[in-house]
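Peer 1: What TrEMBL shows for this protein is this:
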- 10-48: domain 'Beta/gamma crystallin 'Greek key'' (DOMAIN)
- 49-94: domain 'Beta/gamma crystallin 'Greek key'' (DOMAIN)
- 141-178: domain 'Beta/gamma crystallin 'Greek key'' (DOMAIN)
Amino acid sequence: MTTTERNMMGKITFYEEKNFQGRSYECMSDCSDMSSYLSRCQSCRVESGCFMVYERNNYMGQQFFMRRGEYNDMQRMMSMGMMFDNMRSCRMIPYHRGQFRMKIYERENYGGQSYEMMDDCDNIQDRHRMSDCQSCNVMDGHWLMYEQAHYKGRMMYMRPGEYRSFKDMGMSGMRFMSMRRIMESM
């Protein structure tokens, strides 16, 4: 396998203790339940690719985006915006080449105003005069949606597909106000 192929796959290693100590679990794909490998996760190292890590098993709960780098202390990750103190599952984000397209809707079930997006949007209120985003259709690429403008607050990973209701996905009460394409250069 070439270095390019390995980088497109992704590799993340989780550690039970801070500073990459204790038992470890290496992952090169999705993992719906890390509890059989580790009792907790206090640090991790993303060697290649990008991953979403989740607060609970089966890709549930709050999410946090991780790109290539070293994350030696859970407390430091929390100061960077992670809003939970343990990782229980992860999803590898495949590298996407080509255009990015997503249509966002003001209301559930594709209702209300809609806008097709092909690039990042740091504030849907300012750019599209849209006060809320409650459903979307991701046609191309992988995206991160944030509950606050300027890519802040809780986030949700969106891969190609139809998302009729964020509330039905367990995101009740969340409003998405900014969107960003997941690109290798993020």
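Including glycine, each Cβ sits where the backbone N, Cα and C put it.
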Peer 1: Take the domain 'Beta/gamma crystallin 'Greek key'' (49-94) and count its residues per DSSP category (helix H/G/I, strand E/B, coil), listing them in that order.
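Peer 2: Looking at the domain 'Beta/gamma crystallin 'Greek key'' (49-94) with DSSP, the answer is 9 helix, 22 strand, 15 coil.
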Peer 1: Taking every residue in the domain 'Beta/gamma crystallin 'Greek key'' (49-94), what is their average pLDDT?
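Peer 2: Mean model confidence (pLDDT) across the domain 'Beta/gamma crystallin 'Greek key'' (49-94) is 87.
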Peer 1: With helix taken as DSSP H, G or I, strand as E or B and everything else coil, how many residues of the domain 'Beta/gamma crystallin 'Greek key'' (10-48) land in each class?
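Peer 2: With helix first, then strand, then coil, the domain 'Beta/gamma crystallin 'Greek key'' (10-48) has 3 helix, 21 strand, 15 coil.
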